[in-house]
Amino acid sequence: MQVAGPRLMAKREAFNVKSVVQLYNVLMVVANLYFMIQFLRHSYLGGGYNIFCQGMTHSTDENSMCILSLCYWYFWVRLGDFLDTFFFLLRKKFSHITTLHYTHHALVVWSGWVWLLYGADGQTLLGLIVNSGIHVVMYTYYFLAALGPHMQPYLWWKRYITTAQISQFIFLMIHILIPLIYDCGYPKGMIYLAFAQGVIGLTLFINFYIQSYIRKPRLSHKAEHEKTAIAQEEKRSERAKTKTT
């Protein structure tokens with residue numbers, strides 16, 4: 001995608017898909033909010049789930065099947081995240097297609113398929129609920145940003161979305177380890193897999209945070225300082241020349 005996309009768009013003008021992007025972001029906010037509420041209704045707020053430790057029930061009752069059905073359709077919503085990559089390509093925003101971007105999307109698709117195959121209910125369902133909430137905030141930000149440059153002064157909280165994502169991984173990594181200490185019937189293999197996924201995600205987002213909010217501002221400040229120093233040196237040289245003449 002990083003290679004083929006830019007080549008495909010190299011001799012083309014950027015497409016104006018602003019309205020489409022805005023609609024897409026609104027739909028993603030609504031979809032994620034819907035799934036967050038439905039997951040809560042059928043698990044912790046009505047489904048008898050234990051938020052501390054919840055095993056897989058392997059039940060075929062109406063509520064359990066509803067959770068599995070929600071997980072299936074939620075997987076398609078996460079596949080929908082890939083559309084933002086195509087929007088970046090169409091708008092020629094190639095710098096937005098980072099290692100974090102495509103690695104995270106690929107990991108979500110793979111892990112989503114694994115969980116649907118072996119069981120999406122139980123302890124990891126809390127991760128889907130928290131993740132849905134994070135995406136509601138994230139796509140709200142994207143929608144506001146897509147309105148235009150005049151919204152930038154109101155989007156100062158961008159970095160806190162990344163902070164929330166990092167906090168999400170840390171919290172869920174701790175939460176998924178609970179069944180190793182307190183046996184509630186959740187498969188150990190799934191625990192190790194979820195924890196490994198958390199480590200990868202946490203590493204990617206911490207690296208993104210460091211690059212975007214620590215190193216980049218430092219380099220920008222350093223470049224500005226050097227630019228100021230050069231300008232001052234040029235002024236001194238001009239004054240020296242004036243005095244000698």
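Every residue gets a Cβ built from N, Cα and C, even glycine.
Remember, predicted model here, so these are calculated numbers, not experimental data.
The transmembrane segment annotation in TrEMBL covers 21-40 (among others).
What TrEMBL lists as transmembrane segment is 102-120 (among others).
Positions annotated as transmembrane segment by TrEMBL: 126-148 (among others).
Taken from TrEMBL, the feature transmembrane segment applies to 160-178 (among others). Counting only same-chain residues 6+ beyond the ends of the transmembrane segment (160-178), those with a CB under 8 A from a CB of the stretch are 52-53, 123-124, 126-127, 130-131, 134, 137-138, 141, 184, 191, 194-195, 198-199, 201-202, 205-206, 208-209, 212-213.
Listed as Cβ neighbours of the transmembrane segment (190-210) (distance under 8 Å, sequence separation of 6 or more from its ends, same chain) are residues 98-100, 103-104, 107, 111, 114-115, 118-119, 122-124, 127, 159, 162-163, 165-166, 169-170, 172-173, 176-177, 179-180. If you look up TrEMBL, you'll see 190-210 (among others) marked as transmembrane segment.
The region 'Disordered' annotation in TrEMBL covers 225-245.
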Same-chain residue ranges lying at least 6 outside the transmembrane segment (126-148) that approach it to Cβ under 8 Å: 18, 21-22, 25-26, 28-29, 32-33, 35-36, 39-40, 43-44, 51, 54, 71, 74, 84, 120, 154-155, 157-158, 161, 164-165, 168, 171-172, 175-176, 194
